[in-house]
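Structure record follows, encoded as structure tokens.
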Amino acid sequence: MRKKLIATMVAISLPCFVMAEGQMGEDILSRNDLWVLIAAALVFFMQAGFKVFETGLVKKQHRAGIGAKNLMDWVAGSVAFYILGFGFMFGSSTNGWVGSGLMMGDGLEINDSFVFFLFQLAFAGTALTIVSGAMSGRTALIPYFVASLVTATVIYPLFGHWAWGNLLHADNMPWLASLGFMDFAGSTVVHSVGAWIALVGVWVVGPRVGRYDKNGKIQRIKASDYSYSILGVMILWLGWWGFNGGSTLAFNTQVPKIILNTNLSAAAAAISAMFHAIVFQKKSNVLEKIMGGTLTGLVAITACCNVVSSQSSLIIGVLAGIIHNIMFVVISEKWKLDDPVGAIAVHGFGGVFGTLCVALFGQQELLELPRWEQLAVQCVGIVTCFVFTTLVALLMFYILRRTIGLRVSPKQESTGAFFDSEEEDGEEDQDSTTGSNIVHHVSAKVSNRGYNVYTVKEYVELSMDFRSSWEAADRIQYLNEEGYVIPVESAQKQLNEMVAVMGSHTTSTLKRVRIR
Amino acid sequence: MRKKLIATMVAISLPCFVMAEGQMGEDILSRNDLWVLIAAALVFFMQAGFKVFETGLVKKQHRAGIGAKNLMDWVAGSVAFYILGFGFMFGSSTNGWVGSGLMMGDGLEINDSFVFFLFQLAFAGTALTIVSGAMSGRTALIPYFVASLVTATVIYPLFGHWAWGNLLHADNMPWLASLGFMDFAGSTVVHSVGAWIALVGVWVVGPRVGRYDKNGKIQRIKASDYSYSILGVMILWLGWWGFNGGSTLAFNTQVPKIILNTNLSAAAAAISAMFHAIVFQKKSNVLEKIMGGTLTGLVAITACCNVVSSQSSLIIGVLAGIIHNIMFVVISEKWKLDDPVGAIAVHGFGGVFGTLCVALFGQQELLELPRWEQLAVQCVGIVTCFVFTTLVALLMFYILRRTIGLRVSPKQESTGAFFDSEEEDGEEDQDSTTGSNIVHHVSAKVSNRGYNVYTVKEYVELSMDFRSSWEAADRIQYLNEEGYVIPVESAQKQLNEMVAVMGSHTTSTLKRVRIR
Amino acid sequence: MRKKLIATMVAISLPCFVMAEGQMGEDILSRNDLWVLIAAALVFFMQAGFKVFETGLVKKQHRAGIGAKNLMDWVAGSVAFYILGFGFMFGSSTNGWVGSGLMMGDGLEINDSFVFFLFQLAFAGTALTIVSGAMSGRTALIPYFVASLVTATVIYPLFGHWAWGNLLHADNMPWLASLGFMDFAGSTVVHSVGAWIALVGVWVVGPRVGRYDKNGKIQRIKASDYSYSILGVMILWLGWWGFNGGSTLAFNTQVPKIILNTNLSAAAAAISAMFHAIVFQKKSNVLEKIMGGTLTGLVAITACCNVVSSQSSLIIGVLAGIIHNIMFVVISEKWKLDDPVGAIAVHGFGGVFGTLCVALFGQQELLELPRWEQLAVQCVGIVTCFVFTTLVALLMFYILRRTIGLRVSPKQESTGAFFDSEEEDGEEDQDSTTGSNIVHHVSAKVSNRGYNVYTVKEYVELSMDFRSSWEAADRIQYLNEEGYVIPVESAQKQLNEMVAVMGSHTTSTLKRVRIR
């Protein structure tokens, strides 16, 4: 009441605007800027959270590798988003499809939008780093780095422009936003974009050697340190106070309510994921599900934290935890996508669900459109995001696979060494065979440092020319179920038999595999 | 001087109130709110600090378990404090004993107290998580989670109301605060409450198997990673800048002085604990004592950081370090309470000491009462806290022990698996006996997933009916000193002999243990 | 434009100063203070970053030891800087050489400079902790702690006064600052000071046993956990937002630009270090170079982040990454200085480079002097820092070495135990000999707990009296290349032979080593 009185007095008083703290003529930034800068720091800190979360979930040898990718995608984002990405996303819009200007920091000064830049950079970094976890353990550093550059330059900024392109230039009319699409802090714009790129990446790069046995049954790969992952969840949760709370771009009365909603959804999701895993999923992977459920609760509330009540936040969280658990199993066991940290379930499906929650749980007076129209537009955004992101990612990973190769060598995958020449190498005898002699995968050295892995079936269906030239160049290794190298002769004999069998059933151009 | 001048000018000027940053009609929160929100984030980050500190101190197999509890008590607190706890603590007071209203976020809007809620939630989380460390290694997740819910709903808010119940509603007259009890940032309200719950919990759940040998001599259990614990100390120290600095609830001139005092006390405590351990305690556990001493310095300054000088802060720290070292030994070796992370020494006795320091070191003009009266009132608060908290905790843990059971199974305790059904299980042969065949503990499966552990003496003193029914239901396992399972026949023979001996000395209703 | 309008209106309006938030008569601190306090917290958090970064790089047994040193140097700094250091650095200047006053927090109240104190304390802590990493693995805790006290009291504050002594008392005329030396956030004042102390410390304490073989060839020592180090880099990077961004001491428009520059330099350095290591350094230690390169980029931009463009920041980063890689190899392989975490390359040479960049890349209108004069003055500062710091550090470490000894015992070095009496000891048999019997090092027990290590050559050149008395007192152990203890008789026979040979070539007073 007292505040109201003051406000009224201000309204009727003479124009007596005062920059209270700027007494010394310095150009002091506003409290809003301070909050958004702090929020940017919290979101930047989420990089560490992702790194810690993911590191704990992969096996011991892959810890350093995933950490390096987490670091390098922030590096890639920092440079690429500065040079081009930010301009594409927030620059002056061309028909609502792409921005221009604001490249290389140009124009940030005029708009006084450095703080906004830092906040958005931290967001871009989040989208990028989601990919690293899903592809961890077998993806090589250089192609991953290139993919991060492309994502930060093209994929993230383009879709981002369609949904948020009017945040800086209020007169931009990005097409999705103009439809009325609402995604407050980026369930779709940030999280789903990252997850769908990860989805394609996981599919193209193939599973870790040994993840699925020859019958396609999932094999448990021991996490290096769950306790470390829990630290990651805590850091992420903290970072989300900034992620959602800072998305107001002002330190207004919405901020603490948003943080409260964020907190409630995460907590409710942790509880529902825990009990769901205990009661309905035979207590399997309970701790992983608590962690993933918590994060899904955070992702889900991201789109709608500013339009739902705190009671609804609890419900959203409960549902998010269950959705996570179901998708966790579906993705790894049904779809056989090897996502070691569960990123696709958390960010992809959590993102979709959260974006729908805007329409499902949002208070009508805060929505852009009547509820059911809003729901339709939310679906348009979700589908657009999926189609656009997966198509571009497919093109990107396909090119990388065909040129420099996406994977590390089988030996690097097993030892965790960064480069074949590294001194740490040589600990294991590369030619030693362990386990059976039955070919399960074929590893091809595509470029100087890049490898790809094929299932046997994929490999024999490649054109004869390809296979012959690779084999002639000594670029092929045959692996058994556990990833160990099989003697060449034995392996090629098996493949020839397989080609013979397949030849009689297909019209393909398959020929007998050359025996050297 | 210049500030004074300005203030005077304001005083005599016309009513020209200006919300300097609210030009656009938005409802911008104040700088005080911004500081308290940041402080809340720092205190929330202490959850991660506790998690990291505790994880490093427990043995390798228990790392994931303690991490899960740290996460789940924040989850429990987030939900329970929101639904009921906050209202009990800060709602409109009934005769100074309990608050009402403010449930489920109701009324936060009107009071514009969302930021206050978040800050207090982070405090509640701190009290909760203290318990996890002390009970780590053998407490099951579900009963622990239930205990966290009860603590966040009842124990913490009730005592909190008595001391701090007037923070939001200034016209509340909570009884302890009305006496003049001073506990600025919660040496008693937060830390001792957590520690006394932990004390009771540790006592009821019993020590980790193997912690004390059959003569009651303490056995060293290897910490998993001291270096990780040091990171935890650093995070906690940082978080304390918010814990104490934010307790002003305003960004006033007290804040940096409070942080300075906090820092000095912690540093002095680290030094005194180090030298005390080297000189007076035979260099045993020096690193654990440096860490625990530092934290005790932080806990001790918590109650009094706003009323003591920086020189006094140094003295308080020095004393805190020594108190920690003494209690560290007393609790584990004299009292034989198995507190793997030393939480009771740090938070319990550090909290008591800090609360006394208000009267002992506080500047008289800043105290509520004359020094000696103040000291008496501080003692009233300390004793009340101890009696109330331990009684309710005793009831709570007793009920949990009798219903769903508090402990994990002996096998889970040794492997660190979360649930018996988990796939990680089966690594060790459950029936294999290692070491002697002498019964040292008896493990009883109380509920579907809950176990309790008895010493042999406790077990044979239970009523015959209980024991018979448990044994008939195959719910009993007999363990040797190292926690391995002993063959049933051999064990029961030993127990029968013991019953026979005791029978001739006691008037109890003991009968021979049934041999199946 | 709107802002301009408002400013004009303020200028012409009546004196209507308003402390917008101070309505209740409380003394609310400014937004500048809030930002600097937050920045101080971020810089304090860098302590954790250093700890984590360094811990991951040392071998498993040394993790706890380095963590303890990281903690204790913050402790030392907190106390020593408060008691004397801050006054020497920022007190009223005596001829530009040393400050006085402000001891024990005295006068902080009057100047309202508590926030400034906390920010500067965090800076001092950074300089201190740089040393810990470089000397890790073989330095004893107590002498290290003493060195930290001396550094925080004398070395850091004195040089700091010369460069920054006018930050608090604007009428101080510190001599380097008066010449026009520019070091915005401390590439030289903080980072080089720490690094040069480390340089001397590494030289005086000697390499870890086993680091160089008898031909002086470097031996790989396995890092305990690279992934942990990456977390450290991320925390440091985040902390640097405060380190550089807070050095404005105000929340003005420079802040976000500075953070942008900081971020760009680090990212560019990561990329250049990665590719440089791959292309020009045979892919050796790529991950260590990415991490060290990133940090070097951060150190280099520290001096100049407020005077260079963002494009220049990219270039500075690229160069910093390459400088790091070159110095990384030079220091460890050419100079044979055993710096396990690469601190000297990062902070020493990164600091020098960054300080030069002020003149090389700074925008002329923002420099104190014409560009080439500026460059000359920057060189004066760099050289002064090197000469002053190394001389005092040499004196300090020499005294420590001669009195209480700098090193741990060979056994502690191999087990990582803190004190010989610790219970963890005894795991390895101290007298067992492994490997050859050829003497490579000689360990001398200098004091109760302190040891020094000599190369054989250094040892035989010591005066006969020294050697005899030590040997008589049973304070000498002879170690082979791997650090294992060699039987006394065999070792002394070798030394006598060596003395005999050297005796014929030198005019030294060497005599035959006494055989007991």
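Glycine too: its Cβ is placed from the backbone N, Cα and C atoms.
Curation does not apply to TrEMBL; its annotations are automatic.
Fair warning: this is a prediction, and the values are worked out from it, not measured in the lab.
Over in TrEMBL, the protein carries these features:
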type	residues	note
SIGNAL	C:1-20	signal peptide
DOMAIN	C:34-417	domain 'Ammonium transporter AmtB-like'
TRANSMEM	C:36-53	transmembrane segment
TRANSMEM	C:74-94	transmembrane segment
TRANSMEM	C:114-134	transmembrane segment
TRANSMEM	C:141-164	transmembrane segment
TRANSMEM	C:184-205	transmembrane segment
TRANSMEM	C:226-243	transmembrane segment
TRANSMEM	C:258-278	transmembrane segment
TRANSMEM	C:315-332	transmembrane segment
TRANSMEM	C:344-363	transmembrane segment
TRANSMEM	C:375-400	transmembrane segment
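Scored by C-beta pairs under 8 angstroms, the transmembrane segment (C:226-243) has its highest count with C:36-53, from the stretches C:36-53, C:141-164, C:344-363. Only sequence-distant pairs (6 or more apart) were considered; of these, fewer than three Cβ pairs between the transmembrane segment (C:36-53) and the transmembrane segment (C:375-400) are under 8 A, so the stretches are not in contact. Of the two recorded stretches, the transmembrane segment (C:344-363) lies close to the transmembrane segment (C:184-205), with three or more CB pairs under 8 Å once pairs fewer than 6 apart in sequence are set aside.
The recorded stretches the transmembrane segment (C:114-134) and the transmembrane segment (C:184-205) share 3+ CB pairs below 8 A when only pairs 6 or more apart in sequence are counted, and are therefore in contact.
The transmembrane segment (C:184-205) makes contact with the transmembrane segment (C:375-400): 3 or more of their CB pairs lie within 8 A, with pairs spaced 6 or more apart in sequence. Relative to the transmembrane segment (C:375-400), the listed stretch C:141-164 leads the set C:74-94, C:141-164, C:315-332 in CB pairs under 8 A.
Below 8 angstroms of C-beta separation, residues 218, 264-274, 276-277, 280-281, 285, 288-289, 292-297, 299-301, 304, 308, 338-339, 342, 344-346, 348-350, 353-354, 357, 361 of the same chain, each at least six residues beyond the ends of the transmembrane segment (C:315-332), sit close to that stretch. Taken together, the residues of the domain 'Ammonium transporter AmtB-like' (C:34-417) have an average pLDDT of 95.
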